[in-house]
Amino acid sequence: MGRESRHYRKRSSSRGRSGSLSKSRSPDSKRSKKDDRTASRTHSRRERSRSRERRRSRERKRQRRSSRDRRRSRSRERRRSKSRSRGRSKEKPENGDQTADKKKIKEEKEEEKPEDQDFDQNTLEEEMRKRKERVEKWREEQRKTAMENIGEIKKELEEMKQGKKWSLEDDDEEQDKAAEAEESERMEEEEVGEEVDPLDAYMEEVKEEVKKFNMGTMKGANDKKGGMSVTKVVTVVKTKKMPHATKKKGELMENDQDAMEYSSEEEEVDLQTALTGFQTKQRKVLEPVDHQKIQYEPFRKNFYVEVPELARMSPEEVSEYRLELEGISVKGKGCPKPIKTWVQCGISMKVLNALKKHNYEKPTPIQAQAIPAIMSGRDLIGIAKTGSGKTIAFLLPMFRHILDQRPVGEAEGPLAVIMTPTRELALQITKECKKFSKSLALRVVCVYGGTGISEQIAELKRGAEIIVCTPGRMIDMLGANNGRVTNLRRVTYVVIDEADRMFDMGFEPQVMRIVDNVRPDRQTVMFSATFPRTMEALARRILSKPVEVQVGGRSVVCSDVEQHVIVIEEEKKFLKLLEILGHYQEKGSVIIFVDKQEHADGLLKDLMKASYPCMSLHGGIDQYDRDSIINDFKNGACRLLVATSVAARGLDVKQLILVVNYSCPNHYEDYVHRAGRTGRAGNKGYAYTFITEGQARYSGDILKALELSGSSVPAELEQLWTNFKEQQKAEGKIIKSSSGFSGKGFKFDETEHALANERKKLQKWALGLHDSDDEDTALDIDEQIESMFNSKKRVKDFSAPGSVSAGSAGGVSGSVSAVSGLGSLSTPSAGNIQKLEIAKKLALRIQAQKNLGAEAQDVMQQATNAILRGGTIIAPSVSAKTIAEQQAEKINAKLNYTPVEKLEEERQAAEAAETVKRYEEELEINDFPQTARWKVTSKEALQRIGEYSEAAITIRGTYFPPGKEPKEGERKIYLAIESANELAVQKAKAEITRLIKEELIRLQNSYQPTSKGRYKVL
């Protein structure tokens, strides 16, 4: 063991060497030499065994490394073997036997080394030759397979081209050919590249083989080659087609920002197409739904169980009880009996606790009758006075209705929808609803316009059982994100509050669009304080066998409101308002109603000057400001509010004590809602109404409201109404009642359509699009201006310069200017005497035909004859015939009519003498706007038009404001155009028309702060 170890460990060998030296120095030399020979033989055998092991290890390394690594490894091994042999030779004893053994070992090693090197080199060459043969064979197979595939691809392309002969897109065919040529060139380049660098191709194939081995698809060497060739066929086809397809996609330049910028600069955007697409996209959700194709979940409507106490009541007792509840009247079969306490309506304990917490002691008359009717699953029309608790009447049955159904899941719409006409009323109902929804774990979302839509969309996506909305914003929500925000598929309970306003002509399309998208077997409830008969017919279209509950008559002011009507002049209204505010301002909050937004802002300034802090509320204020103003008014931060009728509906302020109608309401329902803001929930209130003599037509509605509510009617109001009726009767006019809000909405009739077309034409003309192809048959702006001109054309004949026959011609035509021109004439020349005689004979013949004597000659003829005879003009006596002719001329001038006899006389006079025509035209500009009149009547404009057209233009007549007619002998302001050339008159008229048109366009598109909130179409 010790001898073997000294051949492998240096320390052991040194230790052995020192031991051998000590032995050599020993006296027993024979024994020492014998041992040394034995050791040398053992050493040589071990050296040979080690060389064989090294050869085996080198062979294993050759298989694992590349050719370059193998060469380096062999050189390193040779250097190591030499160093080891030298080291071991130094370790041997220095005697003669050891030297001989060393020489033998070296000779053996030198004989073995060439053999070992030759073996390694031959093995490497053999491996390289075999590998090269395999690569060449594989390349040949690949080349054949690729050529076959190219032929098949070409055939397919030819077949595709033949199949697309019908196409007219020659550019696409050229692109296909170019792409095919590029494809073949790319394949050739790849083949050339494979010849240049075969090692890369081989390594790729090795990777493919490894993948196939892992998948277990290759079972042998032959199978491996075949599978490899098949795989490459598929690879060739895919690698050639996929880049081609991606290249075609890349031509769209969708992800290239530079290309996108370029396209946006060069291409024109069709705004009309984009708008149409957007509107169509919005309408997709709101189109009528085919409910027969949708399978809705069943639900329960009837939850009402009549308690024994009510069941024992006889019909007579029920009638008496309804009479006690302010005279409830019920229409419809099967209406339940009215309840007496909250417990009898069948609501949960949580709702009862909420009612107790918010001091709802017992049901009001409308609640007592409406709640059991709705709980029974019936559709309802509820009519009750303002402040009677209509909101609770439809909220409590709604909670019971919702809790009976399964919870709202993800991406599902609400179960109940409450629609209101105003944003303020929507917020108020939401606030009232949240008093109960928190304890019932229900979610309420208020959807209204004027605010950001993103927050409301986020709330709807989280899910809600109840939506309180205005119709316009609800339609926007249904169309947002292709209908993914919310839907109406699970809606089973629909409430329309202030139903008469909702079914106004302006709200009806939006309301019907929403209702038609709800399932047909829904439960629909309507409430309002006023419900005209015309609106009732519209409402019944969406109701199914409704029950009508009416409390206290239709449209009646609450008896708790003390009403006063004051007939007053317009100038004294503000002072009277200050007097009323002095009495009531300290007692509570006050609302002052006006009719227009600008009047609200003006009255606000006047009150601020009078040291009354106040705020104004109208539709022109931003929604956030409106919300804050109402909150401040309800909280008592500001106790005086100036508002339009936007605040007249649904606004509930506890401490409101006074309502002042500064502008008289224009119909009965508006008065009821204004006065109904005070005197709510049994509190005392006061209502003052100012009416002027010019507003006598509204006095009948105020008189009716006072009589129906049981208030005293002032004698001045009765006298005002009586005088108005007598005046209308004397004029032969019929007095019509103006009930309802129908006059405020869009009518969607031909008049509004015509106004919209006119506004569209004005905009097109301003943008230079007046020659577009979509012009309709409506009057354009040029025809409107022409009709307002009320043009009058005349053609007058005058004698040529130097002619003496002007007197006769002027006498025939009746021209005054001819007389003024005759004053400068001298004795007629000899050449004109003959023509003068012909004119005299013609005049005598005409007089003889008409049986007229010398006394019948008109003033112009007498003056002409006197001048021709050389005498003086004597003031003529005015006969009855002359007066009649003057009256006839006035009528003819007003009607722009020329008698036939006069035309015949002018024609004969023109034939008898050489005359010069003068063309005249009158353009009436009295009815145009002031700026338009100024523009065409300025000195610079008239001078420029005269120089351009070579016509004389003068301003005549007097300006008369609208509604005032000129007196006899006067005319409205007009422009008189005179010229000897008809073309000059036409050019002057065209230039005047152009100037007026430009001014009208400017006025149409300019901002006019004085008419804020109202628009006037010229």
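From the backbone N, Cα and C atoms, a Cβ is placed for every residue, glycine too.
Within the set 282-310, 340-368, 978-1006, the record from Swiss-Prot flags 340-368 under the feature motif 'Q motif'. Of the candidate ranges 221-224, 497-500, 545-548, 789-792, Swiss-Prot annotates residues 497-500 with the feature motif 'DEAD box'.
When the neighbouring Cβ atoms lying within 10 Å are counted for each of the binding-site residues (K385, K390), the highest count belongs to K385. Residue counts for the motif 'Q motif' (340-368) by DSSP state, with H, G and I taken as helix and E and B as strand, are 17 helix, 0 strand, 12 coil. Cβ neighbours within 10 Å of A384 (ATP binding site), excluding its own Cβ and spanning all shown chains: 28.
Within 8 Å of the centroid defined by the CB atoms of A384, K385, T386, G387, S388, G389, K390, T391, the record's ATP site, lie the Cβ atoms of T364, I366, A529, excluding the listed residues themselves.
According to DSSP, the motif 'DEAD box' (497-500) comprises 2 helix, 1 strand, 1 coil. For the binding-site residues shown (T386, S388, T391), fewest C-beta neighbours within 10 angstroms: T391. When the binding-site residues G387, G389 are compared by the number of other C-beta atoms lying within 10 angstroms of their own C-beta, G389 comes out lowest.
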